[in-house]
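J.: One structure, pasted below without further comment.
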């Protein structure tokens, strides 16, 4: 059966407990932070608003994205020359890119939420109703699942006749495509189109939302009200930057940075999949008093 060999942090099929220990700590911090965030939003009645419902979706997408990579990342850190059957690698690739597309869609929905809250505050409750939030969540999940599915179908038909060593401790489409032989153009072009249709359009929608938000904020006369309006967007801006900067950098390196050392794409891929799930709960807990209070209450009870 076709198997693919996973590599560790240094770009080689080696393991080290000094690598496994910080990775385990990061995954535990990710699980603890996102689970506490979900619990706080569910327990605090004041947080049952569209903004925090979208934040719950973001936490679930972060959990799914991280748990997809957890088995192979820890396996590579503990067992040298870890290998993965092709079908399992294909499934992991599908779920990684699906949850990534879902997270991108949730960030767009959160940007629209901030746009309505700042530009049309009197219509916030009527525009962002509970049914609209639910439909948006279903649409985001369906879009991510359906757009990535042809990527997995095309990759399943690819023959592999070259070296079978991946550049990461998990399976990504660009990395698997590098090992395939035959005509890879259909899969490559569709993968590029899928990225443009999801992350590309999403980033443009977020940029447009913030242009309108900035124009509305600059039109506020009171400096205190202007600062308060802008402070409601800080957490979302941090989440957008944490998600898109490593993603765009990794895509550019995979397509144009073949002469760079193997450590660069490896570190960027780990940052893309680990930094947002770990830091998003910390940012939102630090900026939101109700979440911080609920988490402190939970820790005190423990």
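Backbone N, Cα and C define each Cβ position, glycine as well.
Keep in mind it's a predicted model, so treat the numbers as computed, not measured.
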J.: Which one of these stretches, 184-202, 203-221, shows up in TrEMBL as transmembrane segment?
T.: 203-221
J.: In TrEMBL, which of 94-112, 113-131 is tagged transmembrane segment?
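T.: Spelled out, TrEMBL records transmembrane segment over residues 94-112, not the other listed ranges.
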J.: May I ask whether the transmembrane segment (20-40) has at least three C-beta pairs under 8 Å with the transmembrane segment (132-156), counting pairs 6 or more apart in sequence?
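T.: Since fewer than 3 Cβ pairs under 8 Å link them, the transmembrane segment (132-156) and the transmembrane segment (20-40) do not come into contact.
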J.: With a Cβ cut-off under 8 Å, give me the same-chain residues at least six positions beyond the ends of the transmembrane segment (233-257) that come close to it.
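T.: Apart from its flanks, the transmembrane segment (233-257) reaches 58, 100, 103-104, 107, 110-111, 114, 118, 172, 174-175, 178, 195, 199, 203, 206, 210, 213, 264-265, 268-269, 271-272, 275-276, 279-280, 283-284, 287-288.
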J.: State the non-local partners of the transmembrane segment (94-112) in its own chain: residues 6+ outside its ends, Cβ under 8 Å from one of its Cβ atoms.
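T.: Result: 51, 54-55, 57-58, 61-62, 64-65, 68-69, 136-137, 139-141, 143-145, 147-149, 151-152, 170-173, 194, 198-199, 202-203, 205-206, 209-210, 236, 239-240, 243, 247, 273, 276.
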